[in-house]
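Engineer: Quick one: structure below, then a few questions.
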């Protein structure tokens, strides 16, 4: 200690009180210190009561506030502007001529900004803001309660919930609990923390503990956390249900008015509970005066506060857990840390003490697990609600903390002074460079090099005529322009205008007349072709031009050299600053990024997930509730740095890179092999997990039995239908009906195809003297194949697709095997419908005989069937697309969406096999996206109406048609338009959070938003594909041509 103990106590008390006052000032917007101190005194230091007291007091005078607002908004009302509660004391005249008032206003503004900037790294502030936010939500949603099934419904098929091999296990969202999943998964993947929890044993005297210990629910929570961790280790399920642990947390987190706390406070509370639970165990197992607590050893460190308070020096050692950092105003993590470690002047509550105050923080002991809270929320006093800060903040995978250690403080101070000196010099250089890059004295400025170049170009230009104005006047009016004598005079124009307009004031008539005579040269005439495009000097001698060019060239070269030198100097300084801490002595304390907790949304609502580094596989994993997927550093950066969309990191968890015990696996003492899965569990948890796995195995067996029984029933039903269909087909053929529906038919032998086949056979028989059926068949097949090849190679407009006309065209374009095409053509000429034509009967018999002679080894029947199945799917996809686009044009967006979704999915599957297997993917994607946007707009308008029936209809549209299909747009990250469309839809609904609405509407919105913001890529089950009507090839081609023609007539911005 460098001062007496009472000075330190006074410092701590004043700092604590000042912190509370700063929090109240920011939350409530009240700047009067006396009012704030009185509120804090009346509430006995309770921040929540103080906020409630102040907000209730302000709420009593809404009319006065409204009046004040309009007085400041209307320029003609008053010359004075009232600012918060200082309207009577700090009135500044900004409309008069007194420059002192203006300077005073600027000074006050800067002082307020600097004060807010200095108040960084205060966890209580975060919590207070969160409480105000939650109070607002609680008032609107009226203590909303939700059942787990409203958020997520388990698939009836247990195989959808089965864990794949040793894949990481997810956590089920049981009602806005994505925050729980993100935090717990981050801690679970710290192997040392996992071991501590799994091997925890409650104190033997747990029943004898004081009643308040049980009220805290530490031991029940530890029991449920052990069970949860055990399931995460050894379950056979894809995800597990954390409901029991969550319920204990929710009960403990509810205050008297049922407000639920924020995620940061949840993490604090979680570690506090764990610390208490392990403290009880530690005290039982040791007789030491201060037993070691493994939670404290793992997550808590110490720093030394060194500073000056009212002119007196002090040093004080403090313990810290999660380290809070402000984001606003900083570009990377080191800048945040620098600002948090160096505090500026501390405001004194006693005005008579004028000594300067300030302090530095130096880490003396860092925890193995170092967690940074990134404060991305601030209270907007103008709007009266918290707002999220979306600014970009970069952070490294390896963070070196040597510069913040107490043992390095002398060298760090030297380096900080050097960096400050370099930054000051950098500012001077940048200002010099700016003078070169933005040259001029007017509002428009240009690079000086360009100015000199333009001057050189002007001087070198050659004049064509003496006066461009005279030249234009002298030239005759070009074709299409109006001769001057035909234009009405100014008086005539004014008279015409006056006669057409209603009676107006003289000033408005004068304004109209002044505007009516404005000459518009670029719309009233065209420039003669011989007029020079650039101006040029009228008179300049060769000597003058030579001197001027020489000077301009020389000056331009000088400026280019100066600019280059400045840019190189600036780059060198930047590089020097970046490498300031890169020497070996300052990279001895490496911390590696272990987990990043991400929040997407606004201050009032959003979704949480986590990126966690898999140290065994050396890759990043994304934990998003039940979905656990492989990820990458690039994806993490895109979602976590901020500045893009609404997602950004709110918590960073670093681990000591030299503390390998944190991530080291356990090994079998006998075999030396690493223990995996259920082997790592204590006996009691092993029995618990095995019992749960047996229940799940039984569920799988019951499902298999149900499927087997269902398959048997379907098989019996199918055989019965087959017998009935064979009877009906025989009856239809006997009736001589040549045209039938082609959906189930592989040969697609419709009326128009039958006529084309007959024409080909007739043509082939006329070309050969040998009229034998086999000769005619061979000739006909050659002619038909040549015709189809020509169609396949023809360049057609979008409305004509010959693949729809004939299956062989589809095969040719997709390079099907020759044997597949030959057999398909034989089936065309061997179709039984040709038996009704005397000219083709014998040809059909020969074709059928050839088909029967084809051996299985000559044509792969499975491949043959697969090609025809793909063609059937192509026709179905076409029909889905046609109906979807027709409904879209009729503005029947729900029906359109269902068909377009099926079209897109089928088409994507086809295109994966070949470029010409399906339709234009971008076209289908565009209308699918537009359909979702239109439906979202309709639903939002229904919600805005406020009518219960309309609101419910709007939410039904969102829940039934928008939310289930959003993952389809997010699957392909390369489709930027789809991702932006999803962001637009989400932002539309998030924008309602800042609006006043009825409590029941706020409740519905709060219930619905987590589903909309769920970032899970897992595609949940949705509506069955709509049934297609029966259609002929002719109808299919005709409707396709009609809809594509209508699209081609749609303007580009409408497609």
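Using the three backbone atoms N, Cα and C, a Cβ is placed for every residue, glycine included.
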Engineer: Between 51-76, 77-102, 103-128, which stretch does Swiss-Prot give the note region 'SUMO interaction domain (SIM)'?
Structural biologist: 77-102
Engineer: Could you let me know which of 740, 871, 1031 shows up in Swiss-Prot as phosphotyrosine?
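Structural biologist: Of 740, 871, 1031, Swiss-Prot lists 740 as: phosphotyrosine.
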Engineer: Can you check which of 389-426, 427-464, 541-578 Swiss-Prot lists as coiled coil?
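Structural biologist: Of the candidate stretches, Swiss-Prot labels 541-578 as coiled coil.
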Engineer: On the 0 to 100 scale, where does the mean pLDDT of the coiled coil (684-717) fall?
Structural biologist: 87
